[in-house]
Amino acid sequence: MTARSVAMTIEQVAVRFGGLVAISDMSFTVGEGEIVSLIGPNGAGKTTAFNVMTGFLTPSAGRVTYRDTALNGLKPHEIADLGLIRTFQRTSVFPNDTVYDNLLIGLHRQGRVRLLDAILGLPGARASERKLRQRASELIEWVGLERRAHDLAGSLSYGEQRLVGVALALAAEPSMLLLDEPVSGMNASETHRFVELIRSIRDRGITILLVEHDMPMVMTVSDRIVVLNYGRIIAEGTPDVIRNDPAVIEAYLGHGAARA
Amino acid sequence: MRIVVTILAVAALASVPLWLRDPYLLNALITTGIFVIGAMSLNLLLGFTGQLSLGHIAFFGIGAYVSALTSLGFDVGLPGGFRVVHEPWPPIIGLVFAILAAGLCGYFVGLLSFRVRGAYFVIVTISFAEVVRLVALNWVELTQGPLALTNIPSIALPLPGFGELTLRTKMQNYYLVLVVALIAYLLIARLVRSHFGRAMRGLMENETLAVSVGIDVTRTLTLAAVISAAIAGAAGSLYAHYIRIIDPEVFAFINTVTMVIMVISGGKGSLAGPVVGGLIFGLLPVALRPVMAPEAQWIAYGGVLMAILFVLPRGIVPSLAQRLTKRRSSTAALALTETGIEERA
């Protein structure tokens, strides 16, 4: 095994909504700088797992630890403060602002100045504002949306909105990024560019946890894959191992994807 | 472009007392101006965070009472045989206390209700206003109840070296209101363009996403409530020292409704909206009074409101600004039109 240190530990997490068991018993780890994918059929509990890791949902049992901090009981914005940032399946942008202003909102964590300084327009606040504007432009460039910077985010195509969502997440300076089905709705060439983007994010030392349906994409980009079915982990390993795991093939992938 | 419009508007407003000699009209302008300040404070909550405070007049009324009592003095008994005696202080200190007291109330109301938000905030604010009205009505020893607080002194500005200037004339009061309104306007403008303003907008547009990028909901909304309430309190203080008599009727629900109408018609979420809407609906009754019977006036008032919202559904300022800058998507143009809340309204 690699000598990588562990970033996130999920220990025996269970989530029940009344009588419905969304996750029965889930344990796995994500190493620093690793790209791990969480896959499984619809309703397998992937998004639920995401919600637990980012504080939007409190698990019925078990615990999630990120860099030695237990996340149980923390509010989402406090978890964001730890550097754990997520994107969303559907609601990925602030639709009535321009892409540029979206990024400025996303840079909230970097722009904390005292209220009075901001109102009086003191030099400190202005310098911080300048820095934010520059950072926003950089991030827009990074995801390749320069031409759309001054369009309303709500008017962008689905794929472009996904990119805004990722840029927003990056704006929060994550040390770990959780991407919830980032390429759904993208065409093949958009997906290809997105894979490149994910790699460049990882190359900056950001750990990535991915939930995705697009099997070829998952197989290409992941270091390790965790397969979830009916709320429990049925397999875990490198893409090659997963591809050839009979349980996975039977439960989920099918022959077509297994050849991918 | 926008700066030019702002300067022209301020210059026009500042010149009014120089050519308008009718004290009745000047009086109407002063009271309208005070309500415009209230509407601006309401807009900070309604337009920039999407939270509707239907008890906003409570903060206005608290400001009025705190300021009046500070400058009149009082002598009340408390349970347990204690007595609190307060000697009259200068009205300008009353203004400061009014701002602080209203802001404090905004803090508690915000803290209480923003855990749940939306409809709950509306209900909490309505109840809050009603409770405050009942206190003002029934704590006769302090507030004189329905007998009203009378003889409230006019505001006196301390002028170093010259003693002080008591603002007695309509013209002086007009300029006082104008200056306070300008300060409130600039304060709100700076606030909504800072990263606090962006946090508010983010919460209004997409709360889940805003939270995930690290925006603290309760803190952001409570902050907006405190500043909004404090500005409303300042307006209430101006009202008390200008009218010089206040009774619990100041807390009437219709006053909140008037402010909401000013904000919605002018355009919520636009800085100039409440000013434009406020001037129209503050002065409309005055304009209608000589030409029609009282019953007809209210019908006409409602008719004008419906006409505005029918023709310019997003409010006057955003709709007009959008038409003027249709092809331009510069940040400046957006700042004028950024209501962005139609879906949430």
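Residue positions begin at 1 at the first shown residue.
Glycine too: its Cβ is placed from the backbone N, Cα and C atoms.
Heads up, TrEMBL stuff is auto-annotated, nobody curated it.
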To which of the residue ranges B:24-46, B:323-345 does TrEMBL assign the term transmembrane segment? B:24-46
May I ask for the residues of the chain that lie six or more residues beyond the transmembrane segment (B:298-317) and have a Cβ under 8 Å from a Cβ within it? 261, 264-268, 270, 272-273, 276-277, 280-281, 284-285, 288, 292, 336, 339, 342
Range from B:24-46, B:53-72, B:92-112, B:119-140, B:271-292 with most C-beta pairs under 8 A to the transmembrane segment (B:174-192): B:24-46
Might you confirm whether the transmembrane segment (B:24-46) is in contact with the transmembrane segment (B:119-140), defined here as three or more C-beta pairs under 8 A between residues 6 or more apart in sequence? no
If you count Cβ pairs under 8 Å, which stretch among B:24-46, B:53-72, B:92-112, B:221-239 touches the transmembrane segment (B:271-292) the most? B:24-46
